[in-house]
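Written out below as structure tokens is the structure these notes cover.
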Amino acid sequence: MSSSLKQLKEQFVSDLTGGTIEEIYAVTSIALSSYLSFRLLKKSLGDLALIYDYILNVLTILASITVYSNSPSYLHYFIVIPSLVIYLVNYHVEKPSSPHRQNDTKEDKSDELLPRKQFITAYRSQMLIITNLAILAVDFPIFPRRFAKVETWGTSMMDLGVGSFVFSMGLANSRQLIKNHTDNYKFSWKSYLKTIKQNFIKSVPILVLGAIRFVSVKQLDYQEHETEYGIHWNFFFTLGFLPIVLGILDPVLNLVPRFIIGIGISIAYEVALNKTGLLKFILSSENRLESLITMNKEGIFSFIGYLCIFIIGQSFGSFVLTGYKTKNNLITISKIRISKKQHKKESSSFFSVATTQGLYLACIFYHLAFSLFISNLSFLQPISRRLANFPYVMWVVSYNATFLLCYDLIEKFIPGNLTSTVLDSINNNGLFIFLVSNLLTGFINMSINTLETSNKMAVIILIGYSLTWTLLALYLDKRKIYIKL
């Protein structure tokens, strides 16, 4: 890549200020409309061809960040209204007393501690889809600049996306935590060192990918945005160091509710930013080349915020992933099942919740925390993905709590086994598909000048790009190949 083109591409994603939170929610909620529409159609028509699955769950999201980026409300109508009409017509044609309808209206009551929940698969998969689409789309003019990552202060769709990616990883990671949980935790150096060793080994593949990405970017003279993570750091390093730090914190995480730890660390970091010289140190451009730390200060210090998001994401697993109420699962992990009789007797029954109830309470709590920040802008700094500060953490968590609740309510509104083959396939190899999309993004950027690509051609390229990793996910899933990184 020529140095002049590299500079132009770097300028194209630099010094941006983002957009409004309301617009971000309007655009990203297209995923909810797509999921609702898919369930309505599958409920009415039975199994859908893969092409319709792909159109509803991938192309509609692509349209929301490109062609319909300025009018997402119209796209919501185009997606939902036809499928709703088909569903209502089918509802009146089909006899209400039919066994099929009676079975579907019964609420799912699982006896499994960790059942596979359709709405969680949809949430994680569609979050990956919009992330994969955005990392390439951002290099084309058709992708609005207000959706791209902001320079320092402000909100954008991609800023929200990177935090949501980490949150969803924390949520998924909590499945293993619940499986391995014992109610009578006792610290021992042997088990502690074993945990650190296991987590380090788990981190190695991701850290190697981070190193490969760094070397590739430098060798190929690929465009990079230094104020995003620094000179050497990249998102794979952030993901790779998470298990190591979690292993170090393991004794505390086993004794103190995770949401308290996540919020506590985030508040302590916010105080350090505002009451010491840390904020000035991170944002200063004059100290960039002084040391390895200053070269990568954004990546190193934003890691604290992402760690908090991950830990809070883990805290959701105890009531989101479980198939039934467990003791105090709103605030801590437990395998002790709470029956209806026990629930009435328990003095702490408020903290023993079903999934929907827990999500309602989480939405209220984190939105209040986020609103408290909004009303105290003079006391706190604005939202900053570059810093991953406390306002950013609360924004990401409150958003994901809300969207998880919406996915859950959609599944309850349209009950039944209405799985999407595309979403299942992407979810089953999520991190690997994310890696492939990064490689494809690099290849496309090295092959063409994205800045001079027409909107029509950009959409064609993005469709081909999305089709490539979707087909790969479908192939791997069909062959039962699951690549865990």
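Each residue, glycine too, has its Cβ placed from N, Cα and C.
Features as listed in Swiss-Prot:
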- 48-68: transmembrane segment (TRANSMEM)
- 73-93: transmembrane segment (TRANSMEM)
- N103: N-linked glycosylation site (CARBOHYD)
- 123-143: transmembrane segment (TRANSMEM)
- 152-172: transmembrane segment (TRANSMEM)
- N180: N-linked glycosylation site (CARBOHYD)
- 200-217: transmembrane segment (TRANSMEM)
- 229-249: transmembrane segment (TRANSMEM)
- 259-279: transmembrane segment (TRANSMEM)
- 300-320: transmembrane segment (TRANSMEM)
- 359-379: transmembrane segment (TRANSMEM)
- 390-410: transmembrane segment (TRANSMEM)
- N417: N-linked glycosylation site (CARBOHYD)
- 431-451: transmembrane segment (TRANSMEM)
- 457-477: transmembrane segment (TRANSMEM)
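Residues 16-21, 24, 27-28, 65, 120, 123-124, 127-128, 130-131, 134, 138, 146, 227, 235, 238-239, 242, 283, 306, 309-314, 316-317, 320-321, 381-388, 392-393, 395-397, 399-400, 434 of the same chain, all 6+ positions outside the transmembrane segment (152-172), place their C-beta atoms under 8 angstroms from a C-beta of that stretch. Here the transmembrane segment (390-410) has Cβ contacts under 8 Å with residues 21, 25, 28-29, 31-32, 35-36, 39, 119-120, 122-123, 155, 159-160, 163-164, 166-168, 262, 266-267, 269-270, 305, 308-309, 312-313, 316, 320, 355-356, 359-360, 362-363, 366-367, 369-370, 373, 380-384 of the same chain, all six or more residues outside its ends. Sequence-distant neighbours of the transmembrane segment (431-451) (same chain, 6+ residues past either end, Cβ-Cβ under 8 Å): 1, 5, 8-9, 12, 128, 131-132, 135-136, 139-141, 165, 209, 213, 216, 220, 222-223, 458, 461, 465, 468-469, 472-473, 476, 483-485.
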